[in-house]
Amino acid sequence: MLSTAVEKVIPRQPRSSDCEHLLQHRREGKAHTIPGGDLPLHMCDRGRRLRRKERTMVGSFLKSSPFSRSMFGTSLQQASKHMQVLVVLLWISVCCKAAADSVMRTTAETRSHLLYETFLYYNPFLLVAGMLWLWGINLRVFSAFKVNYAKVFDLDGTHLMWKGIWMIALWITLGVLTSMTLYLYLSSHGSSLAASQPVLLYSVIPLMMVLPFDALFVSSRIFFLRTLVRIIFPLQPITFADFFVADILTSMAKVLSDLERAACRMFHGQVATLSWFEPDSTCGSHSIWIPCVLALPYVFRFFQCLRQYSDTRDNTCIFNALKYASSFPVILLSALKYHVTLDLWHGLYRPLWLLSGLINTCFSFYWDIRRDWDLSFFSGLCNPKYSLLRPNLLYHYHSIYYGAIGSNLLLRWAWTYKLSAHLRHNYITVFLMTALEMLRRFQWIFFRVESEWNKISRLSSQTSSKETLKETEMLISPTEYDM
């Protein structure tokens with residue numbers, strides 16, 4: 001009696017077996033109540049809804065809990081990344097410590113020669129790695145400011161992102177540091193195996209560039225190699241990527257020159273010896289090949305401008321070609337120091353060298369600001385009606401552009417120093433000047449790509465407006481049905 005009264009107040013919840021019987025009865029067309037009771041079908045429906053809600057709540061709790069699979073996987077990935085960074089930093093520390101100990105182990109007489117030779121072999125690839133790190137920063141900023149650089153450079157969907165660029169830069173950096181440490185260690189112990197380390201490095205890196213296998217960013221490697229071929233042989237219309245990479249190579253002229261010196265000593269078996277130290281030797285610092293290699297990127301860029309003029313008949317291309325041609329006197333006059341008397345150098349060629357450097361610096365500075373960056377800075381200085389910059393600025397703050405203009409002028413003077421073959425004995429200073437030139441090029445990339453992106457956006461907007469106007473004219477124009 002008591003249980004019956006309680007059930008009237010608090011209805012009994014149906015068991016799963018009761019609901020199964022009820023569903024079976026409903027399919028057979030029988031009563032819609034649980035056998036042996038008076039619980040209707042909707043009680044089973046409500047029970048199923050409650051159980052489904054409980055399962056959903058439990059699942060949501062498990063997903064949001066720190067013990068969920070996704071959270072555990074994310075934590076594991078973060079821990080793995082932190083471990084990788086720790087291993088890289090530890091490896092760099094070990095290499096630096098071992099290299100320093102190896103240098104201190106040598107005598108004072110051979111230490112300067114060893115450091116100079118080590119610098120010659122390894123500074124080119126360190127600068128290449130540095131340029132890749134900076135290029136990754138460029139791409140990261142372009143992504144943050146919604147600049148479609150893939151469209152600017154006409155890249156496909158498999159192009160390298162900034163993370164991939166940094167990965168390549170990291171591997172080159174670690175490879176160079178490891179090879180340099182082994183070279184210093186073996187040289188300090190007088191081992192003949194020291195000569196194998198630069199040769200191995202200079203063989204592996206080019207080999208990885210030309211591997212025909214579908215690995216190691218094959219599409220990006222092919223794109224880069226094709227661009228280099230188009231730069232050397234401008235037989236096709238010049239694209240933005242072609243002259244963009246060629247401009248970067250002009251900033252890496254010192255790197256190319258050092259690569260040639262290192263390859264020369266390896267070819268003549270002068271690695272880990274002092275036979276190259278004579279200035280007039282085949283691979284010495286007075287070689288005629290040094291100014292030739294320094295001028296090579298400017299020759300490529302010069303012929304690109306001529307090819308552009310042949311295709312477009314734009315007189316601007318001729319002036320651009322003259323800008324690159326103005327670097328040839330700087331390189332040539334500097335190289336003459338070792339082939340003329342000292343009085344003739346100080347009385348004639350050195351003043352001409354300074355004058356040619358001044359002309360080239362001013363010409364290049366004007367072209368950077370007015371043509372490459374599309375800023376009306378010089379027009380604004382001459383006529384107050386014009387703005388010093390331009391209306392559409394990507395980076396918002398005017399101080400960024402004014403700072404870039406000022407630093408570009410200062411860093412342009414370092415360009416003259418680094419192209420001077422007669423200053424190569426100050427290798428630390430030349431290294432710093434080359435690094436400053438790379439920083440100038442890194443800064444130049446931001447505004448050059450911005451200018452090109454503005455042109456593409458403006459052209460796309462004009463095309464869209466023309467199409468809209470054409471569609472509107474077609475809609476409002478009279479037709480035969482209006483007659």
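Cβ atoms are placed via backbone N, Cα and C, with glycine included.
Because TrEMBL annotations are produced automatically, they should be read as predictions rather than curated entries.
Now, the feature entries from TrEMBL:
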type	residues	note
TRANSMEM	120-143	transmembrane segment
TRANSMEM	164-187	transmembrane segment
TRANSMEM	199-219	transmembrane segment
DOMAIN	281-480	domain 'EXS'
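Within the same chain, residues 121-122, 125, 156, 158-160, 164, 168, 172, 175-176, 179, 225, 262-263, 266, 271 sit at least 6 positions outside the transmembrane segment (199-219) and bring their C-beta atoms closer than 8 Å to a C-beta of that stretch. Same-chain residues lying 6+ beyond the ends of the transmembrane segment (164-187) with a Cβ under 8 Å from its Cβ atoms: 88, 91-92, 95-96, 98-99, 102-103, 106, 114, 118, 121-122, 125-126, 128-130, 132-133, 135-136, 139, 193-194, 197-198, 200-201, 204-205, 217, 220, 272. Within the chain, the transmembrane segment (120-143) has long-range Cβ neighbours (under 8 A, six or more residues past its boundaries) at 149, 161-163, 165-166, 168-169, 172-173, 175-176, 179-180, 183, 198, 201, 205, 248, 252, 255-256, 258-259, 261-262, 265, 271, 427, 431, 434-435, 438-439, 441-442, 445-446, 449. Looking just at the domain 'EXS' (281-480), the mean pLDDT is 84.
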